Structure formats: structure tokens, C-alpha cells
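Chemist: Here's a structure for you.
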Amino acid sequence: MTSQKATLIGLVAIVLWSTMVGLIRGVSEGLGPVGGAAMIYSLSGLLLIFTVGLPDIRRFPGRYLIAGSVLFVSYEICLALSLGYAATRHQAIEVGMVNYLWPSLTILFAILFNGQKTNWLIVPGLLIALTGVCWVLGGENGLNPGEIISNVATSPLSYLLAFLGAFIWATYCTVTNKYARGFNGITVFVLLTAVALWLHYFLTPQPAMIFSLPVIAKLFTAALTLGFAYAAWNVGILHGNVTIMAVGSYFTPVMSSALAALLLSSPLSFSFWQGAVMVCVGSLLCWLATRRR
């Protein structure tokens, strides 16, 4: 496989991931936040067994296996439940934007814990990304503290999970980079996520799962999308141009919001798009801060 083809496949993964906010929310509306997520990750895990394969975890570095498992499962649960618990579809898209603080945080953590070299661009990058998220949360009024507080107060758990998830995923990326040694535990991690969600589903009171043709269609679409996205990303990382893929990933907030708005029939305000662009620009500046010499 050529590098160009592998890079293109990796970029397809970014587009696929961009649909997940809308798809996870759509499934959760029929099957519940926990039940819907459990179904998605169960089917995705089965798909990954056939696309990526089931690795021999006995060969994994211990720190990668333990830390990677805990962090990956925690992040995916935070993401899925933050979208499912959102009060409205529009709020689910906002929650997804909060989660996209992770690219900037990943670079910050790489600087703090992995010795990544940087320059002054990291400061405006982080500030712009954070401002963008606050701008989104302010609704039509943009950067309005009162409106932000009022908005978050309508579904505090949802926003808290998304914010926590951004930090967890940044930590996961840092740990993977430091301890993985070329091993890929994604199949195991997705299956563990499914197990954790099913335990939560059966051990706590949950709404009944109501299956309908639209919900089933969204469920299989979400599972296939998630499974193929991880498989495609793996091809890109192994054989493609990682730099191009990294730059492409920083435009995910805009793509994700556009696709979620389409899938959920939830139009977004001009102020929202301003905030989304800020998140992308801030993330790109953080990335450039580690590239300039």
C-alpha cells in the first residue's frame, strides 16, 4: 500500500469519527444513554475483531495495558453518556464541542510529561481553544458568562462528563505515546468499554430499550462507523503521513458539528460556528507550537 493511499484512508477515519456525536445521540434517544452506548460498543468490538484483529495482550507492556484500558474505557463512557444525558439535541452538539478540547490538551500534556519541545504559540493556542468552547456555550450571545452558567446548569452532568473526557483522552494519548511500544490494544479496549457499559446497565436502574427501524439503522451505522474508523486510523498511522492526518484531525470540531446538525436536524447559530472555528484554530496553533523551530 502506498503512503498516499494509507494517508487517505486515515483521513476517512476522521470523517467517520465526525459523525459519532450525531449517531450516538440518535441511538441514545431510543435505547437510553447507557443501553445505547453498550450496544454500539459491543457491535463495534465484534467488528474490530475481524478488521483489526484480537491481539495477544500477554505481549503488551504492563503499564500500557492497565493505564490504556482504564483511560480508554473511562473516556468512551464519558463521551457516550455526556451525549446521551444532554437535555436537547442542540445541547448534545455543544457537549461534543466541549469534548474537542482534547487536541489542545494532548499537546499540552505532551509538553508537560513527554518532553515535547514548544514555543510561545502554545499560550494563544490554548486560550483561543478554551475561548471557542466558552463561545459555543454562550449561545447566541457568544462570550457571555451569565448565559454560559445558565446553559451549563440545565445539564451539569453532561457538560462535566464531556470536560472530564477531554482531559482523560489527552492523558490516554500521552500514555499511549510513551508506553505502547508499537502495540495496538484498540480491539481489547473497545470490548472492555462494552463490558463496563453492560455492567452499568444491569446494575443500575435504566430506561427500557425501545427498538424501532430508525433506531436500529442508527445503531448499526454507529457501530460500523466506529469500528471502521478505528481500523482506518490504524492503517493511516502505520503506513501513511501522520503529519497530514494530525492537521486533518484538528478540523474535526467543525465537521462533527456540521454532520451532527444534519443528522439531528438541529440548526446551529452563527455564534456556534464562530466558537467551533476558534477551537480548530486554537488546536492548530498548539500543533504549530510543537513544529516551529
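Note that Cβ sites are derived from N, Cα and C of the backbone, with glycine treated the same way.
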Chemist: Indicate yes or no: per Swiss-Prot, are Gly32 and Arg291 on the same side of the membrane.
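Modeler: For Gly32 and Arg291, the topology recorded in Swiss-Prot gives opposite membrane sides.
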Chemist: Are the transmembrane segment (34-54) and the transmembrane segment (208-228) close enough to be called in contact, which here means at least 3 C-beta pairs under 8 A that are separated by 6 or more residues?
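Modeler: Checked: the transmembrane segment (34-54) vs the transmembrane segment (208-228), in contact.
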Chemist: Quick one: do the transmembrane segment (268-288) and the transmembrane segment (148-168) reach 3+ CB pairs under 8 Å, ignoring pairs fewer than 6 apart in sequence?
Modeler: no
Chemist: When only pairs 6 or more apart in sequence are counted, do the transmembrane segment (244-264) and the transmembrane segment (7-27) reach 3 or more Cβ pairs under 8 Å?
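Modeler: Output yes: the transmembrane segment (244-264) sits against the transmembrane segment (7-27).
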Chemist: Please figure out which one of 7-27, 64-84, 183-203, 208-228 racks up the most CB pairs under 8 Å against the transmembrane segment (148-168).
Modeler: 64-84
